Amino acid sequence: MTNPIIHMEGIKKHFGNVIALNGVTFDVFPGECHCLLGDNGAGKSTFIKTMSGVHKPTAGTINFEGKPLSFNSPRDAMEAGIATVFQDLAMIPLMSVTRNFFMGREPTKGRGILKRFDIDAANEICVEKMRDMGINLRAPDQAVGTLSGGERQTVAIARAVHFGAKVLILDEPTSALGVRQTSNVLSTIARVREQGVGVVFISHNVRHAMAVGDRFTVLNRGQTLGTASKGNITPAELQDLMAGGQELATLEGSLGGTV
Amino acid sequence: MLAKANPGIDERIKSEPFMTRLMKRPELGAIGGVILVTIFFMITADSAMFTLSGIMNFMTPAAQLGILGIAAAMLMIGGEFDLSIGSMVAFAGMIFGVFTVNVGLPLIFAIPLTLAFAASIGAVNGMIVIRTGLPSFIVTLASLFILRGASLVGLKLFTDGSTQLRGVRDAVENDFLTPIFSGEAFGFVFRKLADIGVLETFKSGLPKVPGVPVEILWFIAFALVATYILLRTSAGNWIFATGGDSNAAQNSGVPVRRVKISLFMVTAMAAALVAIITVIDAGSTDARRGFMKEFEAIITAVIGGCLLTGGYGSAIGAFFGAIIFGMVTIGLTYTDFDQDWFQVFLGGMLLIAVVFNNAIRKRVTGER
């Protein structure tokens, strides 16, 4: 049995008198997709921001590759190998795919005053990595603005993986996408997982989570309600857990199970 | 059965014709503009305009403006404005005059000191913009007035009440650096060409055009260096990223603050360079130097394809934008038109350029 890449135990986060997280326990193994589910306001965002170094937990421990660790900034977390793809994706529509891919981490050649951006190598790597993810670029100098939402998501994921992510946190990657694009992103996640990266998939869509997830953790009102592995839980049960179980059950009949 | 898709080619994408690719370059508008303006003056202007001396005539003001315009373009791509460029020309001119005339420094000290002085003011502009988070438009509007006023006060202080500081020519005449910043270069080539009869000559046998004015060489060199930086270095990528979305750039590890402050420093130094060149040329400096140049520089950048919102544009575009500017300013004197049409023309150019750029941006980003 391998050890988890990251293990977070009893994480609490208070903002003044607001208790955003009240004891969350979560871990990710290499090559697994661990879904974090919860309704709006459950504390998903606060939790991933704690994981990616934006917030410092009020209480609780973080073990990264077996060693206790505390991140002071998102940079620390990034350098350790925790990459987060936020909903805004950190993409610049007017710039080419390659330039976005290597933004801030450009490959260079030459030295001293002749040190320059190795655009040919960058284009080559970019096209290759995108092909690995199942996207054929028209040209590497194609502007990101011409890509669809799902393709942009894939560029962001490919970029994170290329720069050595061990844990990849995806913040609602499918929430704004159509059916076809969603399935593309889900298959991208599957590819990333095969490369041994631990994926944290945040969603409130149970069906998307069931499609790629190995384990499921449900957050509700700042607390973990429990973790289940694939096959031990039905979509309906997950849905109930997320909603707290009560109101949805009464709605179920009138909605005909479509939620 | 579904047909097996070819993995290398997406069947939904047509191959792109060369013209369409060309249409996506930010420089296109400016190059098209140069062609149109050339045709216009070919028809309306005296044929003297397109002789060698005529070309030097309009390239000289184009070069002086272009050095400012290219710097303004880089700053605009980085997402900021600098309205104090024009005043900075006056201020740097004053500083340079004081160093050479009042202090009596040789150029080898006076020029680096002037550039450093300007750069530090640029850095202050940048730091205020970053610290306060205010739009650079408003911060540098303040610097516009502060520097213009300071130039006036400074000139009066150092000249006992005059707003003009004379004697720069005498002070630098024999300096070994003067030929790099003033006069004409490649004179020997032009004399040689005149001797073999390629160039028109005066009766004395000297060529009518004594050489290439040095500012044109500075202008071309600056355009090349700026283009290289923008397209082929990491710093260039950071400039585009900073202007495109500074938040996204910051999150991806681009040193956004350093990029912006450096760009403000470059802009200020470009203004100082223009000040040095024009002050040595004129032999004196006054408080009106560089008046309205901030707007002309921004117009040059916009005609050159820069978006007002940042993240897009080119130095080569600004290069051609400046040439259009020079052609129109000087070209009208070769025609029968009233020269005061110049500003009407300029406003029209700007409007067309903005509309055109907007359309181009939509093409590039695939907006519909």
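Placed from the backbone N, Cα and C atoms, the Cβ positions cover glycine too.
As annotated by TrEMBL, transmembrane segment applies to B:28-52 (among others).
The feature transmembrane segment is assigned by TrEMBL to B:58-77 (among others).
For B:89-122 (among others), the entry in TrEMBL reads transmembrane segment. Residues 68, 82, 143, 147-148, 150-151, 154-155, 158, 165-168, 171-172, 175-178, 181, 261, 264-269, 271-276, 278-279, 284-291, 293 of the same chain sit 6 or more residues outside the transmembrane segment (B:89-122) yet have a Cβ under 8 Å from a Cβ within it.
If one looks beyond the transmembrane segment (B:128-147) by at least 6 residues along the same chain, the residues whose Cβ comes under 8 Å of a Cβ in the stretch are 80-84, 86-88, 90-91, 121, 257, 260-261, 264, 294. As annotated by TrEMBL, transmembrane segment applies to B:128-147 (among others).
What TrEMBL lists as transmembrane segment is B:216-241 (among others).
Only residues 6 or more beyond the boundaries of the transmembrane segment (B:261-280), in the same chain, are considered here, and those with a CB under 8 A from a CB of the stretch are 64, 67-68, 70-72, 74-75, 78, 80, 82, 84-86, 88-93, 95-97, 111, 114-115, 117-123, 125-127, 129-130, 168-169, 172, 178, 181-182, 214-215, 218, 222, 235, 239, 289-290, 293. Feature annotation from TrEMBL assigns transmembrane segment to B:261-280 (among others).
The feature transmembrane segment is assigned by TrEMBL to B:301-329 (among others).
When Cβ-Cβ distances below 8 Å are used as the criterion, the transmembrane segment (B:341-360) is approached by residues 23-24, 26, 28-30, 33, 299, 302-303, 305-308, 324-325, 328-329, 332 of the same chain, each at least six residues removed from its ends. Taken from TrEMBL, the feature transmembrane segment covers B:341-360 (among others).
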Legend entry - Top Cβ-contact partner of the transmembrane segment (B:28-52) among B:58-77, B:216-241, B:301-329 (pairs under 8 Å): B:301-329
Legend entry - Long-range Cβ neighbours of the transmembrane segment (B:301-329) (under 8 Å; 6 or more residues past either end): 25-31, 33-34, 37-38, 41, 58-63, 65-66, 69-70, 72-74, 76-80, 219-220, 223, 226-227, 230, 240-245, 342, 345-346, 349-350, 353-354, 357-358, 360-361, 364
